[in-house]
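Okay, so here's the structure we're looking at.
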């Protein structure tokens, strides 16, 4: 097949794939999300009128409960909040290192909120029994504590004794990041056998969840039987429940774009686990939970079991650390690196490595792009030489077409013989494009899903590499005092990317086919419009990649 035609097909397929992929996976879900939010808001307004007496802001409820029920204060460099001693519930948690947005008055990110608040989201670890006669701590139990503050330096010990003299002890420790360790001990001082089961749950109110787009997973997630399980909220709503019986549960939880809450049960046995949906009093709730097999504690014996709760930011190195330290399989997959995981995670590691030296992820992107370009130089050189040879062979190919145009078999045979004689690979020109596709999407994933890139600045007006360029040419990049609509937000970096793409085309061999040449001239304009809503970090990569390609082609032209 003619090399120019193949390049045209590859370029068009790549462009259309990105355009329609973006429309289908991002723009369309976002539009649907907006329509759903409008409808939900109307229903929510009616619902709030009915539930207004029941629902209070999280901060108000915490203050109210603090006056009625004692709470253990959580305080570390990473977290602040409290644990309710009524029912031993983790329901008040704020991430101190992260703000909601870049505004001066932005509040810190709240992860957990009490059960009857608007954004209810909480975790529990406790005990149940298959015998109703066994008196165990429950949601109404008021625990006694030996301390008022939980910190990395100060664990807390809780205790409660039932009417039969059975003693229940809980020790809670917190590391310097986001991991709580909960050790439960039962001292059976009664004269009866005590059947108990350990459980853990995470419960969340649906309206508090940001609607997910198809480019990443948000919702129930876990590693069960060494396989990653991911369910959208709609999946669980349709099924009502997804159950796993007597399974190896490494972890289960709920994930957002940047935040994760997960339960990590003791590894001493298998567990039954559930992903549930319930509609109660007009409020939609989702829950993930696990429960252990029945453990019989004989009279005079003790039993202990340890579980963990992770509640915080999905930092790559932190999840890797916990995965290695506690043997939590696939814990890093809570970050949705996508289909190109095998490429995406090394790309992140490379960016993070250079960030440690230069202190700016934008500069780190530039360095990684240079390395990728050097690794692909030989391939690009061969591709460029092949394209040039194909252009030089075009007159001979046209002559063969005129001779054997009616005999397709002979035509293909003669053209292939010409390629073999001149040592030309007709598909070589497509290889750099094919290789760049996974690299492109890997960098996009890194920018879009990793907490490290969230609100990471570059220079000048770029304050967040994971967000689109905030400027637009239609108000002269902010010099005119008005804000154009979103579809006119074509900023400086998209324009720079289009200019460098145009210059790169001028440096490349011009296609012999005039139709193809005309189509290729419009590609920078197409990419300009399409890329304007992409994360600016991706535009920095693409612009810099184009500049390096121009330098590379100049070098090849000069020495080849």
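Cβ from N, Cα, C; glycine included.
Per Swiss-Prot, transmembrane segment is recorded for 7-27, 334-354, 357-377, 431-451, 476-496, 522-542, and the stated evidence type is sequence analysis.
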(message) Quick test of the contact rule: Cβ under 8 Å, at least six residues beyond the ends. What residues does that give for the transmembrane segment (476-496)?
(response) 461-462, 468-470, 528-529, 531-533, 536, 539-540, 543
(request) Return the stretch with the most CB pairs under 8 A relative to the transmembrane segment (431-451), choosing among 334-354, 357-377, 522-542. (result) 334-354
(request) Could you pull out which residues elsewhere in the chain have a CB under 8 Å from any CB of the transmembrane segment (334-354), counting only those six or more residues past its ends? (result) 216-217, 221, 253, 255, 260, 262, 314, 316-317, 319, 361, 363-365, 367-368, 371, 438-439, 441-443, 445-446, 449-450, 452
(message) What residues elsewhere in the chain lie close to the transmembrane segment (357-377), defined as a C-beta under 8 angstroms and at least 6 residues from its ends?
(response) 347, 350-351, 432, 435-436, 439, 443, 452-453, 456-459, 462, 465, 537, 540-541, 544-545, 548-549, 552
